[in-house]
Amino acid sequence: MKVVNLTDIHLTRNRDKKLFDVNTYDNFDFVCEEIHRIQNLTEIELIIVSGDIANDGDVEAYRYFLNKMESLKTPYISILGNHDLNKNFEITLAEEKPKYIISSREYNNDNWYITAVDTVVEGEDYGFITQDNLAELERKIITNSNFNIAIFMHHHAMPVGTPIVDSCMLNNAKAILELCEKHRVKFIGSGHAHTPRVWHHNNMTACVSPAVSFQWLSGTNTVKISKGFGFNVIDFSPDLSITSCIY
C-alpha cells in the first residue's frame, strides 16, 4: 500500500500573497501535478495531509485545497495543524461536501490500520495530546491490534535538530512514544517541523515529511528558509520504505 504524505501547505489568504517569498499555491499546484504523474506509474491508495493546510485558517484557502484534493480522485485524510482553524475548515467541508475525504480519519487494508491523533492547542504553536485523546488512541490501537499500526499527527515527537521548530514540538511526546512502544506501533508520521527526518526507534519508524511550502534551514534558530519543497511516498509493505520527493 503506497501512501502520499503532504504536510504544511500553508495556503495564504489570497493567491498573490507570498510566504517568505514563496507562492504556496504554486507549490501545491505543482505537487498535485506530481501526484497525478506518480499515479500514472503506480497505485496511490491513500493521501494523508498532516496539518497546516492554510496559513491563516481562511475559508477560501480551504475551498481551494478541497477542490485540488478532489481532483486527485484518491481517498484522503486531513489533519489540522496549529495554523488551521477547525471552525472554518468545518464550514468549508459543509459547503463543498467533498467525496473522497475520510471524515473518520481512519483507514485500513488487509495488513495496516492507519489513524490520526489531534495535537493542536488552540492559539499555541506547540503541540499537546490530551489525556482523552491519548485514551481514545489507545482504544483504537487495541481494537485494531491484529493490524500493523500507523499513526499520523501534526507536531513532531522527536527533535529534528532545528531549534526554531524544536522549541514548539509535541510537548508530551514521551507519552505517545511510550504508548506506541507498549503496543508495538510500527510507524508515526508527522509534519510541522519543515525539516524532513526519519528515525528508527526500537521497532518503530518515525518520520517528518518535507513541507509543501518551504523548509527551515537545517539547524537554524532564526527565520532562515530553504526554498526546497516536497512530500513523502510511504510504501507500507513488509519492509516499509519512505521516498522523499523534494523539488
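Quick reminder: no glycine exception, Cβ is built from N, Cα and C everywhere.
Per Swiss-Prot, the AMP site holds His10, Asn82, His83, His194; the candidate it also names there, chosen from Asp52, Asp110, Asp118, Asp166, is Asp52. In the record from Swiss-Prot, residues Asp52, Asn82, His154 bind Fe cation 2; the candidate from His36, His183, His192 listed for the same site is His192. Counted within 10 Å of its Cβ, the other Cβ atoms near His83 (AMP binding site) come to 20, all protein chains included. Taking each of the binding-site residues His10, His154, His192, His194 in turn and counting other Cβ atoms within 10 Å of its Cβ gives the largest count for His192.
Using a 10 Å radius centred on the Cβ of Asp8 (Fe cation 1 binding site) and all shown protein chains, the other Cβ atoms total 27.
Maximum intra-site Cα distance, AMP binding residues His10, Asp52, Asn82, His83, His194: 13 Å. For His192 (Fe cation 2 binding site), the binding-site residues whose C-alpha atoms fall inside a 10 Å radius of its own C-alpha are Asp8, Asp52, Asn82, out of Asp8, His10, Asp52, Asn82.
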